[in-house]
Amino acid sequence: MKKLALLTALALASAASAQSLSGTVTVWSWDAAAKALESTIPSFNKKYPNVKVNVVDLGNQNVYDRGLAGCAAGGADMPDVYSIENNEAEVFWARFPNCFTDLNTLGADKLAKNFPAFKWTELMAGNKRFAMPWDSGPVVIFYRRDLYQQAGVNANAIKTWDDFIAAGKKVNAKFDGKVKMGVVANGQDDEWFRMLANQNNCFYFDNAGTSVTVNKTGCVDALTTIKKLYDAQVVATGDWGGQITSFKAGRSASAMFGAWYEGTIRTNAPDQKGKWGVYPMPANKAGGVRAANLGGSALALPSSSKNKAAAYAFMENALATTNGQVTMLKSQGLVPSLLSATKDSYVKVAQPYWGNQKVWQTILDTLGDVPQARGTQYFQDARQVMIVVQADYIKGKYKTAKEALDDAAKKISSATGLPVAK
Amino acid sequence: MTTVPQPPARPHPVRKAGWWARTPKAPYLFILPYLIIFLTFWAWPILSSFMMSFKDSRLGDTAPFGLANWSRLVQDEFFRTALRNTLVILVIQVPLMLSLATVLAVALNSKLLKAAGWFRFAFFAPLVVGTVAYSAVFRLLFNTDFGMVNRGLTGLGLPAVDWLNQSGPAMTVLILAMTWRWTGYNAIILLAGLQGISEDVYEAASIDGATPWQQFWKITLPLLRPSLLFCLVLSVIGTLQLFTEPALITNSGPGNSTMTLGTYLYQQGFRSFNFGYASAIAYTVAAIAAIFSVVQLRLFGRDE
C-alpha cells in the first residue's frame with residue numbers, strides 16, 4: 001500500500017513537471033539522423049505538450065565545425081541539443097571541458113547500465129558523462145539482388161574479400177564495367193580503411209589512446225585489400241553525394257557502410273524497393289571476423305542552453321526509451337544502442353524494401369563481434385593523414401601497404417605528439 | 001580683510017611648452033574611434049595569434065610557451081605540399097589570368113566594340129555570383145558521370161576524364177574556375193588603366209607609321225605597367241590566401257593534391273582545433289606574401 005502511494009506520488013510529480021516544462025528546444029543534426037530525431041517529436045510532445053522542438057539539419061561536417069567554433073567562443077550560438085559522432089567526441093571534452101553539461105547532474109548515471117559499456121568510453125571524461133549514446137554503426141554490405149543475380153553472383157557465397165573481388169569481376173564482365181561492386185571515397189575520406197581496419201582489430205590509436213598503431217598487421221591487411229579492390233577495378237571513386245547518385249542511377253551493385261546507410265538507400269531510391277538485400281561484410285581470411293563499426297553518434301547538451309531540463313527530457317525520450325529508439329530505427333534505420341531496443345520485436349520483422357529479408361536481425365547479429373576502437377581527441381589529425389596516405393598508396397606512391405602505413409604512423413605521431421607503438 | 005601675499009611672479013618660462021601642451025588634441029580625438037577599433041579588432045588579434053603560435057594550444061590555456069609549433073612546421077610534409085600546390089597555382093594561374101585580362105581589357109577598350117557597357121558588366125558578373133553557387137556549378141559541370149564537360153568530350157570522341165578524383169585534372173578544374181571568376185575583375189582594373197593613356201600618344205605613333213601590334217607592345221604595355229603591377233600584387237596575395245575554391249570545389253582532394261596554404265590552415269585550426277599551429281602557418285603565409293610583394297615592387301616597379 002505504501003509502495004503504491006509512493007508510486008502514485010512519483011507519477012504525479014513527474015506529470016506535474018512534464019506540464020511545467022515549456023519553451024523551445026533547438027537540435028542540431030544531419031541528414032538521416034536529423035530526420036530520425038524529428039520522428040520522435042510526436043511521442044515527446046505527448047509527454048511534454050508545451051515544449052516546441054526545432055530540429056535543424058546542418059549537414060554532418062557543419063555541425064562539427066560550428067560546434068567547435070561555438071565552444072571556442074564560450075558557447076555562443078550553440079543549440080540546446082548537439083549531435084556528435086562518437087569518434088569525434090573526445091576533442092570536445094579535451095579542449096572545452098566547460099562547453100557541455102555533465103549529464104550525471106541531470107540523472108544520466110541512472111541510465112548508464114541501459115547501454116553497452118563500450119558506448120560510453122568516448123563520451124566520458126573522468127567521471128563526467130558529456131553525451132548520451134544514440135545509435136551504432138555495425139557495418140554490412142547492402143547489395144542489389146537483381147544485379148548480383150544477372151551477373152551470376154551468389155551473395156551468400158561471398159565470405160572473404162577475395163570472394164568479393166571475384167564476384168566483382170563477374171559483375172564487370174556482365175555489365176561491361178558500368179556497374180561496380182562499390183564506390184570508395186578515396187581521396188575524400190578513409191572510411192573504407194577504417195571499416196576494414198576495425199574488422200581486423202586495428203585502428204589509428206590503441207584503445208588507451210596513448211600510442212599510434214596504424215602500421216600494425218590488421219591495418220596493413222586492410223589497406224592491402226583496398227588496393228586489391230582498385231587493381232581489380234571492381235570499385236569506383238566518389239564522395240558521399242557521388243555514391244548516392246551512383247546507386248540511384250543503378251551503377252552500384254553494392255555499398256558498404258554502417259547500418260545507418262539503410263535509411264539513406266531506402267529514402268533516396270524508393271523505386272528500387274524489393275531489389276536490395278543485406279549480407280555481413282566479407283572477412284579478411286576465411287573464418288575471420290565479419291563485423292566492424294562505422295560511426296555511431298550521441299547527443300550532448302551545451303552548457304549555454306537556457307532550457308536544460310526540456311533538452312534533457314527530449315534526449316531521454318529519443319535515446320533512452322525503447323519506443324524512441326525503435327521509432328528512429330523504423331523511420332531512418334538508425335541502429336539502437338539502447339540494449340532493450342535491440343531486443344524489440346520489430347527487429348524480427350521482414351522488411352519489404354529489402355526483399356522481405358529480416359535485415360535488422362542480420363545487422364544486429366554482428367554487433368557482438370565488433371572489435372573496439374577509440375577515436376581519441378586526435379581523430380581528425382589522424383584521419384586527415386590517412387585520407388592522403390590511402391590516396392597516395394592507391395596512386396602507386398608507396399611500394400607496399402606496410403611502407404605506406406609506416407609513413408602514416410610517422411606523420412600521425414608528429415601531428416599528435418603520441419609515440420608510434422612498438 | 002587681509003590680502004594673501006602673492007608669491008613673487010615667476011620669471012617667464014624660457015623652456016618651450018611641453019610636448020603634451022604643444023600637440024593639438026582635436027585630430028587625435030577625431031581618429032580615436034578608429035584607433036580603438038583598430039587596436040581591439042586588428043592589432044590585438046594579430047599580436048595574440050603571434051603569441052598563440054608559440055603555444056601548444058591543444059593543452060589548454062595554461063600551455064607553456066615553446067617552439068613546438070614552429071619545429072613541427074619546419075618538418076611538416078603536408079605544409080610543404082600545401083606550399084607547393086599554392087606555388088603551382090601561382091605560377092600557372094596568375095600569368096594565364098593576367099594575360100587574358102590584358103587582352104580582354106584591350107578588346108573592351110576598342111572603339112569598334114558596340115554595347116561596351118554591357119560587355120564590361122558581363123565579364124565582371126562572375127564576381128557577383130555567390131562563391132558557394134559557382135563552386136556547386138563547377139562541381140556539376142566537371143562531374144565524371146553526368147557532367148556537361150565529359151558529355152562534350154565524349155561527344156567529340158575524346159575519352160572522359162575523372163576530373164575531381166585525380167590530382168592533375170582536379171588542379172586543372174581549380175585553375176579554370178579561378179580564371180573564370182577573376183579574369184573579368186582584373187580586366188576592369190586594366191581597362192581603367194588603359195583609359196588613363198592619352199589618345200595623343202597613339203595618334204603620334206600612327207602618324208609615325210607604327211602598326212597596331214607595335215603600338216600594343218611599345219605603348220600600351222609599358223604605360224599599363226602600374227595597373228598590371230597592382231593586379232599582380234593583388235593576385236599573388238589572393239592566391240597565397242586561396243581558400244574558397246579548393247575548399248568548395250575539390251575539398252583539397254583527392255588526397256591533399258589541391259590543398260592550399262589556406263585550406264591547410266583551416267584544417268589545422270577548425271578541424272583539428274589546433275589554433276597554435278594554425279597561427280604559425282598564418283604567420284608563415286603572411287611572411288611569404290610580404291616577401292613576394294617586395295620582390296615584385298623591386299622587379300617591376302622601378303621608375304615609379
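Here the Cβ of each residue, glycine as well, is placed from N, Cα and C on the backbone.
All annotation found in TrEMBL is predicted automatically rather than curated by experts.
What TrEMBL records for this protein:
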TRANSMEM  B:28-47  transmembrane segment
DOMAIN    B:83-296  domain 'ABC transmembrane type-1'
TRANSMEM  B:87-109  transmembrane segment
TRANSMEM  B:121-142  transmembrane segment
TRANSMEM  B:223-243  transmembrane segment
TRANSMEM  B:275-295  transmembrane segment
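Each of B:28-47, B:121-142, B:223-243 was scored by its Cβ pairs under 8 Å to the transmembrane segment (B:87-109), and the highest score goes to B:223-243.
Listed as Cβ neighbours of the transmembrane segment (B:223-243) (distance under 8 Å, sequence separation of 6 or more from its ends, same chain) are residues 86, 89-90, 93-94, 97-98, 101-102, 178, 182, 186, 189-190, 192-194, 196-197, 201, 260-263, 266, 285, 288-289, 292-293, 296-297, 300-301, 304. Within its own chain, the transmembrane segment (B:121-142) has Cβ neighbours under 8 Å at 104, 108, 148-150, 163-164, 173, 176-177, 180-185, 187-188, 244-245, 248-249, counting only residues six or more beyond its boundaries. Sequence-distant contacts of the transmembrane segment (B:28-47), counting only residues of its own chain at least 6 positions beyond either end whose CB sits under 8 Å from a CB of the stretch, are absent.
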